[in-house]
Structure formats: structure tokens, C-alpha cells
């Protein structure tokens, strides 16, 4: 039995832990051989491979990133993509494919498995924690930890200067990182993509915080949008050449707060720091268990499935399920956390 | 409505986060007043109280320990303990009591609530993660993170000198910290209280690791016991005056490994460092949510219950359930992790 | 003897350690009393004070920021500023003033001491490490540590996606943070304000790094300027409304690299995270010793001086000296580090 | 020109940074080739070598330990040791040797260079910071940082239970780690090898701390000795079979404190955790600069010298000087810190 492995999409702490667990168990317990495909779906498409055996996975557990490289290549959009993949797998004698990735990568795996009979097992990966089929995905805990540590640090600078500090964290479509790190960091306002925010309400929380003689921290997901969403585009500072990418919602919000409350406001955009570096212990645990269970699914011939966390158990769910629905923040949970605003 | 709060047993990162959440939501949403009892059950027994209001919980979220102090006092063993407690609560006009603690503290709360009609709500706390009613307890993730970081550091010193490094972590009756930190830290051997270990097997793993030109890390829970458990007591280095406390299983094991394999072995006992300091983001999140749900249980008059984590939900379970059974490591889970041994 | 203490300018990890050391030694060894002035020079100007005694400094050693608050108020620009200060000091019976701050704060202290006979002792503070009279200032080591950790994390994301990562760190006029963190983080290019950089040279380093199959990290001080400095202003993306504050040199440089090398480039701006949070052990040591020696200078009546680090010794230098000359990166040192570029 | 490199003695964060800097500058600027010798002096003695070129030093900057391995082998005690070394160097065409190590390793280098004409350049390495020729050695800052973080954590557990916490840190002959981490961690008692301590004085500090309603932290260097030093040996808990190694001064002191003050006391022995793992930014900076200057000394033919830090400069000193005198804590400095005791 020879198993192919690839990692697709944005990088995420824990990818290497998954790869190591797959190879260690596959080789030691089942006697499998492995072929690593380079840079996500580009690997089987272009026949780009990496040696993948026990020595190749030594020492990678604590390392961020992925030794296989990653890309956002979609083989279903390439001419003859499916045939290319099938040929590459045949050429290397690969009997099954473990694909580690997010919505896009797993969506391809679901179709290759379901429509084209290529035996795939999936491992969910999204730093944003927005896959509905699993309680948590690895990488998320690391990102929340990094953002929380940054917020901890910003408290002292906010207090010393009685300034508003706006922290922009990852989360285009789901506010999980903002919610968890904002709560853990003791933020006074948390804004998420799931609920449009009212700038005046934000300013009123900010002001009430100052009245208590403490300086506010505002955590905002990059995908958060004000109630009158058009104002971001109409606003003088933002209306030309790709400003949203340039300065983002955090910068925009800080300016609004300054203008409306008369208080100094500063922005910190955490950016890629949140997705790099060594995974937290939680993420190494989860990623390793995902890897161990993925290779078990291969051994069981349970293709078209994906491993997932439910409580403290690792279960298997249909690959299609993983990509069916974005897991967004429940309004009830957001309301629960709202007690700390202001 | 006036609510009493106390924290009992060993300290644990996240206690302050629970206290803060209870008070913030209780005051802001329900208009409750609070009385803090000092040093666990000693507080209501000796009428030792601490002011507990919004200013008292400012800034405590990231701080380890407990602003209420803690103790292992058992009021049921004190003369007239129940009456004393009832009198103290009456004197302060306390209508309900939130008790944050482990098996012992919650066991008392269960009996006070069940047999004596004192309205109690419990919040589970054990750094060892060994309460069966909840998926996780706060403090555990922090402890695992600290132990993992230590193991990460020990790898480099093990490799540089080709030495065995034995790391003794917390866990008298359950091996959760050893299992999680050992896995996350890439340990080569993990020994837990749930399964007696065979010293010769350990030595054979150690030897096989050296053959791969890497130095082994052995993680051992403080409560782990060798197959012939008597040997620890009979062994020359350990047979007099309280040696187990003095040097522990880690030191004993290192000596055995040195003797049997001829390799140098060193021990690190992590000790209290594992339970101190700022809680991890995960623990702040869990502790805060436990606090928010505990005050909700009080508002609902749902006494005799305890909050618990199930998947990503906070639920309520009978207080008695929490203390009914120790949650130990499932042999299947231990076997799953065994692929990394040696 | 009553001593006033104030902290001015931007906040900096270690300020609280200085304050604690001053008060602990002043009270315990010399029997002095203290008056804390709030928000830098605003305190003595507006008679805004804070209680400052042993209980007030308990537990502040590991905390970032300053319990006295800070501001950039310049009393020499206020009407009757000097008289106001003199009056406030007299009103509180303050016999000497310890001023903890950077160029501006100490410049005022130098003039108050030299021209107006107000007995001042200075403690140098600049996170940028750009004061020529001292080997190091506290806060700098913490900032370098935070930036280095961020760079460590960015390596994995750069490698996984074969992207250029541009990290903008603090340093308007001096490149110390960029130089130290860039070197410690294994950056491939480090750009500092002291030497104008050539964008083509940067791109050639970036390209050569990719040829070695590794992705480059570019560390750029916020005050770094390209050789043809005007291009930043003339460049289409940057020529209107305060762009430098908006997007900064990091963003600009990333765009240039993308345009010229065809490689994807991403920017991380570390911002205020670098100056907040708990000080490193080194900074706590330095700040504490500065505090101990500052109160000794007061006891010796050695006014108009500032404490400074020389090797491992704390010495006193004239206050004027501290502000005379900016300590910039020596071209020889920059050249020394250049071996790692590309 | 071919240069040999070896690392001897205990491992120390920063060794890899030195090696990398030597090789990067040697290859890129001077066109040298390198031979890595394995496990300190054992390498040239047994002709055990490691490939050492640019690819071999990629990615090692942030890694603790040493890629060359280390040992305490003393070639001057081996039969024909000097001839063996000379032969090995000749066989590989090695023209000069850079030896990175402490007192022992550099002592050998001094004699090989001075008496036997083998061209050596030294790089000082001691985690204990006890070499008199240099202001600081790399590894020390990392060790102090780890110990300080541990002490920070122990504060909360001490306070929550009103217990004494004794922390034993490295330092057999010099108390630098105890002094720096104790000061940075806000310890209430710091005991160093340089000054015998009085147990009653320690107990009186402990008691006075409890009176202020705070729990004490006692930091003790492993080599600290009570005034009546014999009591450790005579004491019932310690008088047989190598107990000092077994339980150490920390454990002994905790028992004494319990006995004399009636307060609970707990011990944490940090052990090897202090010398492992990634080096701090300060240590990476220092180690890298040491490496750059060591290869410059080779190029200059300046053999028999060692690089050293003086203020912010790297200088060269005679190799003999490095090992001439242990740098211990100055009684005046210890007295300065004493203001925080009790």
C-alpha cells in the first residue's frame, strides 16, 4: 500500500504534526509507503513529489508551516486536471490520497472521491475554525493564543496613555479568533463579521470604559463590517485603489473613534504572525490525533470521509459535509460574551 | 439577591477568570451583590470574607491563583460545621453559594445542597482534568502548555549530550497531563498511573531511540508505578523516611535507566510551575464561560448542579455526578499514542 | 526628605520596575517619603499626584506600562510652566525630583536643574535604545524579543508559501530594534534609518534567497528611507493624505518587491505590541538597578545627573549629556551584520 | 584555508548561532572551508567529524543545543592526546581551530595554542556567566529568562496557598543566575554560593514577608551553602548516599523553613530546562557576534586569543585570561540587591 499526502490552502500550525502522525503510524503499524506531493494540488498535477518516510518527519512536530509546501491550485479548473492526477498517482503506484486542507482543498477531494473514484481521506484545516463538521480545527488555538498575548501587551500601553487600541485579527467570514482572543484578552469591544456593528455603539462603549478610568481595547475581525457598510467605501480615507487591503477595517475604525470620541486611537494589525510558528500543545495534540485517525481510515478503506473532533473523540464524517456549511458564531454565544463590552 | 463565592483545593490558572465572570454578569445583568469567602470552606466556617464587586475583579482575568485564597479545609469534619456555615450565610444575607473546586470541594457542596438545603452551584476545577462529568477543566491546558514547553527545551540538551531526560509531571491518579504534554512534546516514552509500566520495556524503548541517533525523553506522571510496584519501596535509594516525596518516581526511574542501559540519565521535576501563572487563552475562555453559566444557574434557581463542558457547549449536571467517578485515561487512547514510543 | 517621581514620553516595559526600586530603597534604607506625579510633566504642572509608598509599588515589577501614567506635555512651553512646577513641589514639600523619560523629558529636567535650580535626577528611557550616554536602555530588550518571536513565526509561513514577508518594526531615527531583531530572527534583509536603501539591491537579495529555495524575511525600521527618498512620496499609492502613517514603509516596500520580482509579498506591522506587556528579565534587571542608583544620586545630592549603563556598571553622567546626541547604528556594525543579507 | 570547529562542555543556547556565524562569514567573505569536529575534544581525538558548510548551518540559529554535539573529554589526559589531535588536523588539512566552550575546553585550547603551536581561537561559553574576561556569555540571558518566568508563575501559587516556595536554580560556584532571576522575578530571598547564608536570617525574612500578607519566594543557587555548612551533611534527611545530588539544597532549605517557621514550604528544582531550547534574542545577538569576530581573529592570524564582550564591543583577549579567574558576584552588588529581601 502506498499513500499520497498533500497540504493545500493557507498554512496553519499543526500541518507538520498531522504529516508526522500519518507517516509514523502508517509505516510502523501498517507497513505502508508514502509519497509526499508538493504544494497542494499542484503536486499531483505537475508530478512534483517529496520523499516522505520516517527520517523525513523527524523533528517536524513542533515546527510551523508544512514540509510539503502549499498552494491554492485548483486541479478542477486545470485542463485535464483529473486525468493528470490519476496519471501521477498511477505512475507512483499511489493507492490512496490523504488531503489536508480547508474548504477548497477538501471540496476537490470530495469530488475526486465521489465523482472520479479516486480514494481520498480528508483532514480538516482552517485557522479560522469555521468548518461546521468539527468542534475545532488545529491552528486555531495557536492563533488565539498569539492574539491573546498581543492583547495582553496592548493593555499596558493603552492604560499608560489613555488611548484606544484597536486590534485587527484574522477572520474574513467568521469571528472565532476575534471572539476567543477578545474574551481571553479582556477586550472591551469585540466585532465579528457575523453581526454588522454600529460605530456609535462602539464609541459609546469606548467612552464608558474611559469613565471607569481604564483605556479600551477594541478587537475587530478583518471581515467585520459596520451597519452602514457603504460608509467604509464612501469614506474619504478609503475610496480609491484597494484601500481595504492597504489599511483595513482596523485603521478605518480607529479613525472613526478618534473623530467621534476625541480620544487618541491606535491600530495593530496582527497579520501573518497569527498563522506562523510552533503550534500550541492543544494543536499538536489535535493535529496528531487527526493524522493517526486519517491513516486508520485509509486502512479501513473508508474513503470519501474526513476526520473530525466531537467532544474529545475523533470521528469520521462524509467529506461533502465538511464543506457544506460555514460554521459562524452563533448570535447567542456572541450575546453571552457581550456582558464584557463597554 | 446576594451570592457567596469560594474557591477550594489546589490553585489552578483560571480561577480568577471564573470569579470575574460571575461578578461581571451577576452585577451588570442581574443586579446581584456578592460576598467573597476567603480560603475555600474556611471562609464560611470562620466568617472570613473578602469584598467582591466590579472594582475587585478588575484586571484579574490574566492572573493565576485566586484572589479569594484557597484551602483544603473540610467543613463536614469540623464540629458543627454545617451550622457554622448556615449562620455565616445568614449573617451576610447570602442566598446562594457558588463553589469552585475539585472533588473534595464539590463533594461538600453536593452534601450541603442535597442534605442540608443550602443552595449551591458548582464550578469544576482540577488541573489534572480527571473529573468525568466534563470534557475539560480549566487549568489543564495551561499545565500541558508549560510541560510541553519544558519538554521542547529538554530535547536540545538531550541531543547535545546523548542523554536520557526523564521529565516528571503532575498527575497522581490520572495521566492526562503526561499524555497530552508527552505527545505534544514528542516524548519517546509516556508513563501514566493508569497502567503499570515495565522498566525493561522502558529501557528497550530508550535503547532503540539511541540506535536512531536521537536521545530519548521520558515523560512520567508523578503517580506512575512500575509493574513490580514494591521495587520502588524496596530499592536501596528509596527505602527510608518519605523518599517518594523527596525524590519521586522520576529520579528513581532515571537511576534504573542508568543502571540498566549504561546511558546517562537526568531528571527534571516540573512541580508547582505547572499550576501557576497566567492561564492560557483556552483556559481563560473555558473559565469565563463556566463563570457566566454558573451565575445563570443561580438565577434559574438550579441548585445542586455543576457547570460542565460538552463539546463546545456548557451544560449543567448534578453536583453528585461530578464526584462520582475519576476520569482516567482510556487504555485505547493510551494505545493510540503508543505508536510514538521508542 | 520627600522625593517626587514622574514618567514621561512613550510607555516602555520596565518603568514600573524603576518606580518600585526607587520607592523600596528610598523608604527602607533612607526613610524618604514620595509623591508620584501623574502623566509626566503634566503632574507637577497641574498638581496631579498619585500616592506612592511601599503598598503602591507591590506587584508592579512584572507589569508593563507605568502606574504613574505618562504624557508628552512640555512644561517649558506652558505659560509660567517653571513657576507652576516650583509651586507644586513646594506645596507638597518635595525636595528632589526623579524624572524617568527620553530625550524630551530629560531635556526639560536638564534645564530645570541647570537653569532653574530645581534638583533633578534622571533615568533614561527609550525603547529605541538611541541615547548615547548609556550602553542600553530598558524596554529595548523586550521590544527586540517580541519582534524576534514574530520573525521566528513568520519564517514558517514564508517558507510554506514561498512568499516574501516584510516586517516593519519600531525605529524612527535609529535602527537598533531592526538590527537586533533582524539578526536574531535570521532575517535576510535589514533596513535601518541610518542608511538609505536601494530597492533594487533589496530585490536582488530577495531573489538570491529564493534561488536557495528559501523564502526571504525583510525587516525594515519604520524610519527607513529608500535611496531616492522622494519616490515614496511620488509613488502612486502613497502621494496623498498622510500615507506614511496609514500604510508605512513596510507596505510600500512589499508592493515594490512584488512589482519588481514578481513574487508575492506580505507585510506585518508590529506596532504597539512591541512596547507593551511584561518586561524581559534583562529589562527588569536594568530598570531596577537604574532605580536603585537614581535614589542613591538623590541621597548624595548629585543633582543634574542621570544614571547610565556602562558595561555591567551603573554610572552617573550629566543630564545634558543624555540628550546631546542620538546614538545611531555605526556603519561598521551594520556592515558586520550584512554578511547575512541575501 | 580550512578551519575546524568544536563545541565542548555543557550545552548552552546560542552554540548553533556561533557555529552558523562562523561558517556564513568564513565561506561568504573569506572563502574558507570548514570541518566540524564531533562531541568537543573527542572529535579531533577520535577523528570524528561532521560536514560543516552553508547548507549544514541553515535554520540552526533559533535551535538550542549544538549540531556538533558536545562532551567533557579532556585530550590532555588522553594518552598521546596532543599528537592525535595534530594528526587529525593534518589529515583533514585543518589550518586553525575555533573552540567554543567553557573553562575546561578553553584551558585545553590555551595550552594547545601556547605550548604546542596548534593555532586556536576561543569563543567563551558558560551558562553560569562566570568567566571574568567577558561582560556576559551567551546562554545566560536565556537561562535567566526561563528561571524568571518560572518564578513569575510560582508567585500566584505561593499567594493562593500562603506557602513558601523555594526555587533552586543553576549556579555551582557563582550566583549570577540566582541573582538576576531572583531580582527580575521579585524574589524575597536570594541565596548565592559566594556568601554563606544564615538559615535563621532566611526564616526571619520569610516571616516578615508573611506579616505583609504576601507569600515569600526564596531563590537559591544549587551551590549555595548555609553558614554552618556541615549541618547539611549532618542533618538527618541528608546524611547518606549522595543526597545532595538527590534532593539538593532547595529541598533541604524548604524542610528547614517548615521546621523553624511552621509554614508550609515547597521546592521547585528547575534543572536542565534552564539550558535547553531556543536562545533569547540577546543570546542570539551575542553568540552571532562572537562567531563573526572569531572567524575574523582566524583571518588575522590572531591565535591564542578569545573573543569577549566589553560594553557593546566585541574584543579579543588572551585565551589564558579567560580561564584565570572565576567571575563571582561582587559582595557590593549582592548588598545592592539585598534591599528587596524580606
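All residue numbers here begin at 1 and follow the chain in the order shown.
Keep in mind that glycine also has a Cβ here, set from the backbone N, Cα and C atoms.
The shown structure was predicted, so the numbers you read here are calculated from the model rather than taken from an experiment.
As given in TrEMBL:
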ACT_SITE  A:128  active site, proton acceptor
BINDING   A:10  diphosphate binding site
BINDING   A:103  Mg(2+) binding site
BINDING   A:126, A:127, A:128, A:163, A:170, A:171, A:172, A:222, A:266, A:272, A:273, A:274, A:275  substrate binding site
DOMAIN    A:2-298  domain 'Phosphofructokinase'
SITE      A:104  site 'Important for catalytic activity and substrate specificity'
SITE      A:125  site 'Important for catalytic activity'
Rounded Cα separation (Å) that holds between residue A:266 (substrate binding site) and the residue listed as 'diphosphate binding site': 28
Sites among the recorded positions A:125, A:266, A:273 close to chain C [C-beta, under 8 Å]: A:266, A:273
For residue A:266 (substrate binding site): DSSP state (helix, strand, coil): strand
Among the substrate-binding set A:126, A:127, A:128, A:163, A:170, A:171, A:172, A:222, A:266, A:272, A:273, A:274, A:275, as the record gives it, the longest Cα-Cα distance in Å: 34
List of residues, in chain order, with Cβ under 8 A from that of residue A:10 (diphosphate binding site) and at least 6 apart: A:70, A:102, A:127, A:275
Cβ neighbour count (within 10 Å, all chains shown) around residue A:170 (substrate binding site): 27
Densest Cβ neighbourhood among A:125, A:275 (recorded positions), 10 Å radius: A:125
A:103, A:170, A:172, A:273 filtered to the binding-site residues whose C-alpha is within 10 Å of residue A:125 (site 'Important for catalytic activity'): A:103
Integer mean pLDDT for the domain 'Phosphofructokinase' (A:2-298): 93
For residue A:273 (substrate binding site): intrachain residues, at least 6 apart, with Cβ closer than 8 Å: A:146
Least surrounded among the recorded positions, given as A:103, A:128, when other CB atoms within 10 Å are counted: A:103
C-alpha spacing of residue A:126 (substrate binding site) relative to the residue listed as 'Mg(2+) binding site', in angstrom: 8
Position of peak Cβ density within 10 Å, selected from the recorded positions A:104, A:126, A:172, A:266: A:126
Cα distance (Å, whole number) from residue A:104 (site 'Important for catalytic activity and substrate specificity') to the residue listed as 'active site, proton acceptor': 14
